[in-house]
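I have placed the structure first, in the form of structure tokens, so that the comments after it can refer back to it.
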Amino acid sequence: IEQSGVPRKRAVSPNPYPCSPVKPCSPALHCPPSLLPQANGRVPPTEGAVTHRTPPAEPPALRPIPPEARRLIVNKNAGETLLQRAARLGYEEVVLYCLENKVCEVNHRDYAGYCALHEACARGWLNIVQHLLDYGADINCSAQDGTRPIHDAVENDHLDVVRVLLSYGADPTLATYSGRGLLKMTHSESMERFLTDYFADLQGRSDDDPELCWEFYGSAVCESTDECGVYDILADPPGPDDGDDDKREVFEFEFSDRPLLPCYNIQVSLSQGPRNWLLLSDVLRRLRMSARGFRQTFPHMEVVTVAEAEFYRQASLSQLFSCPEELEGFHSDSKELLDLVEDSAELAALLGSSLECLDDRWDHPGTS
């Protein structure tokens, strides 16, 4: 390493005769332990007593100077530092030595205004770029002509370095003082395509851009269609020409002159989803029938049997159930069985209810 022309000072030889006066000995050294002054009646520990003290915290080990650092020639006439020279030539260990030991300022500029980050980006040293950014390098530092580190990376076609700089917050819209932007510095198709797409994501695309829509095939291409029960969610996507007359929402209302029986949304089979069920005991009490007579009179109505514990678990967790007081008569650990009958329009008519449907496309007052 070149040193400046300042003459070295001769090392001062140690003085064998100390000039500081000798401090007087403490009186505690000449007194027995029993005659020493005691505070609050406590006996001080004797020499043989073992005292536990926390060891002092060890200072962090400093990185030793790499041997390559002694062979580097630093041009101090141009304002260069060891960190800039190592970042230019790609000596990662020397860069870490300078950063960890704070040998050089990470944002030091030479006489042309270039920092160590400029040098690493211009040569494409990705690891060194990350080290400099982790130690606080200015991501948008400018040279005297307005050149930024991302300009050097784009002009030298280092796409991986450009990605890292953008992820650390580099501003791609900054141009040099002569007006050159990033798109005017590209020398490869991949770099130009990457920057064009990046700017399109920032500024938006026009409506006639063919790349406005993505081609998404989904996970259905990875699933086997031979297996039963596989549903392809992308098999029939809706389009602008599809008529939605048969997909209109219909609101269903149930009217009755007596309180409606509690309805529970329960899943009783693994092959089917949750459905609406009524307790058979509630239905029989309302119709004043026996279970045997109900099964003989309405054999087509589905009646299932579930455990009371499973019924309580599903009913208490259902988002459609809003009356917890109706579950007070059930127990979560009961082993009893419950009979359920599926709710249908026929059953509602037997219970004295009427169903009315309201289309979501009803005519507003005053419209034709």
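The backbone N, Cα and C atoms fix where each Cβ goes, and this holds for glycine too.
What TrEMBL annotates here:
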DOMAIN    249-359  domain 'BCL-6 corepressor PCGF1 binding'
REGION    36-64  region 'Disordered'
REPEAT    112-144  repeat 'ANK'
REPEAT    145-177  repeat 'ANK'
Non-local residues, at least 6 beyond the ends, that sit with Cβ under 8 Å of the repeat 'ANK' (112-144): 78-79, 81, 83-84, 86-88, 90, 92, 95-96, 99, 104, 106, 150, 152-153, 155-156, 158, 160-161, 164-165, 168-171, 174
Intrachain neighbours beyond the repeat 'ANK' (145-177), with Cβ under 8 angstroms and 6 or more residues off its ends: 113-115, 117-118, 120-124, 126, 129-130, 133, 139, 185-188, 190-191, 194-195, 198-199, 202
